[in-house]
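Working notes, structure below.
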Amino acid sequence: MIWNWLRKKKKSNTSKLNETDNQEQHSNNQEDDNKEQTRSMKHNKGKNNEQKDSSQDKQQSAKQGDSSQDKQQNPKQEDSSQDKQQNPKQGDSSQDKQQSAKQKDPSQDKQQNPKQEDSSQDKQQSAKQGDSSQDKQQSAKQGDSSQDKQQNAKQDEPSQSKQQSSGGNSIYDFTKPEKDRIHSLQNLIEKLKKSSDFVNYHTSDDETMPYWISYYRPSLDGEKLQKYLMPTLLERPNASLEELKEHIPMSGITITNDLQKIEDMVLKGHAIIQLNQQDQKCMLANIAIDNYRAPTPPLNESTVIGPQEGFVEDIDTNINLVRKRLPVLDLQTKEMIIGEFSKTKVVMMYLDNLAEKDNVDFLEESLRALEYDQINDSAYLQELMGEKSIFPLYINTERTDRVTKALIDGKIAIFVDGSPSVLLTPVSYFDFFISPEDYNVSWMYATFSRILRLIAVLFSICATPLYVAVLNYHYELIPSDLLETLILSRAQVPFPPLIEALFLELAIDLLREAGARLPMKVGQTLGIVGGIVIGQASVQAGLTSNILLIIVALSALASFITPIYKMGNAVRLLRFPFLAFAEIGGLFGISLGFIFLFTHLFRLTSLRKPYALFYPTRQQSVKDSWIRFPLTMIDTRDVQARPQHVKKAAKGISTKHRSDFDD
């Protein structure tokens, strides 16, 4: 029926065309509409050619108008319907004009006057009757340009839709689809019941009685449930949730209808208690297991003298250990959750009257901006916060006394739930060579120990490269007596010094890794026996010289002298690029390597503070850096952290002659 109506409509329009032949001048004024209609002409090129040949006869054009327009209407309507389906969002003005020219719906025909209908028909005929070649070429070019524009618009459409769908969210889009979203407490419980270790049951066989309990069975502390929670529920069957909260002898009980809070708490070991199964309001009781490892001596930072108290995996226990040592009101904490899946609890701790405000704000902003699936240890935060150097920019410690000392100096501590290590920032290069034991011995021995550590690090980096450089380029620097011994030791070695040094260095690293992965007693035995056997056998086999074996062994021992384990890893790793520099340029190559090393150290920053304290020089920090002054003379805090108050209390008893005691 619609097709018949369109045909009748077209017939009435063609009858009016015979009366308004003089209005063909409107076609020149409406070139834009003609350009837009060329797209349909290009698709129906064969049909248009026939229509152009027949249009030369004015009398036949009136008779054949119905058939030609009816034939043309089908592809036009099909094209317009396809364009609408493909481009539902491209409602620009040019396409509106095309659709209005292609589809003359009844509503538009009723609103437009006969003159407008006549002019539209004239426009169509003028587009169809373009006999000149110039008009044909222009229409073809314009049709191509219009198609290109439409294709570009179609190509831009998916990118715009992607941007709109992302909505400016992070790269980790965990938005749940509408069907998976939780709209009620019952939906949440049904989703939790998909896990086999989730329990949901009624406390009574009578369905009319109250109290439904839901929890995860592995996280259940049976003593809390049977001794504190269940007796109160059974004794008060008609009590409300508020009354139960007052009578249950447990702490941390909350009443809420917040679905997100309920989900977070039940995943942490809380139990859901409902009066009725259809209630949206519930009570949350903490029945999780609280048995954690007790504080033990730190394994990676052992000392002979001083406290032997180390952190554990429970973050609340670690914070309590620090608060026990610093019972002051200014000790503040800021808590946040990091990890898209792990939901790891991270806490910043600092002294509000000492820590610089800019440091606190910048670190908090950096931590909250982190996005990662799982945070298992504090070392994850070190790398995620931009640690790209082989040198650690955060001190990773297990000792409570080191953390309290850093907090008093104005630094910030970062606790991670599940990790026994605490991060300290900002720090300098010399902080990694300071041991907590230095404050428990005399200042002279502490100074000697710190200088010895720095010399040991320098020896560990340079000893083997110097051996390679001297044998390759500077053998004239070796004394004649030592040169003869060195020549005899290398007489049977078939390899160059570089290959010989790499063989022993890699052998030492293999023994170290194997000893660390094996059980403690087996690892110690393997390190001692393996080192002796492999070293003696390699010398007898002529694979290496005994002098280089001694140098490599001393270098390995020197790398273990650093109090912080990660700094020792950096020192051991530096030996290999220095070996390459020594092989290429001798002593000049080693000097070039140190230039690169110091340039890198000068560029490093820890929490936007200079990492290498020897440049720029800070005289106030020298008292407790690579040397240690007596405690009474260390009257200023470490300026590396820019504390609010630099001066600190440092007053002792004078040892001068006092007449009242001596007499």
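Glycine is treated like the rest: Cβ placed from N, Cα and C.
Here Swiss-Prot flags 1-13 as compositional bias 'Basic residues'.
What Swiss-Prot records for 1-175 is region 'Disordered'.
The compositional bias 'Basic and acidic residues' annotation in Swiss-Prot covers 47-56.
Annotated compositional bias 'Low complexity' per Swiss-Prot: 57-72 (among others), in sequence order.
The compositional bias 'Low complexity' feature in Swiss-Prot is assigned to 88-101 (among others).
Taken from Swiss-Prot, the feature compositional bias 'Low complexity' covers 122-150 (among others).
Among the features that Swiss-Prot reports, transmembrane segment is placed at 414-434 (among others), with the record citing sequence analysis.
Feature annotation from Swiss-Prot assigns transmembrane segment to 451-471 (among others).
The transmembrane segment annotation in Swiss-Prot covers 491-511 (among others), and the record cites sequence analysis as its basis. If one looks beyond the transmembrane segment (491-511) by at least 6 residues along the same chain, the residues whose Cβ comes under 8 Å of a Cβ in the stretch are 464, 467-468, 471-472, 526-527, 530-531, 534, 538, 542-545, 548-549, 552-553, 556, 572, 575-576, 579, 583.
Look at Swiss-Prot and you will find 541-561 (among others) tagged as transmembrane segment, backed by sequence analysis.
Beyond the ends of the transmembrane segment (578-598), by six or more residues, the same chain brings 461-462, 464-466, 468-470, 472-474, 498, 501-502, 505, 612 to within a C-beta distance below 8 angstroms of the stretch. The transmembrane segment annotation in Swiss-Prot covers 578-598 (among others).
Outside the transmembrane segment (414-434), and at least 6 residues removed from its termini, the chain residues within Cβ reach (under 8 Å) are 310-315, 318-319, 344-349, 359, 363, 367, 375-382, 391-398, 402-403, 406, 450, 453-454, 457, 562-564, 567, 601, 606-613, 621, 624-626, 638, 640-641.
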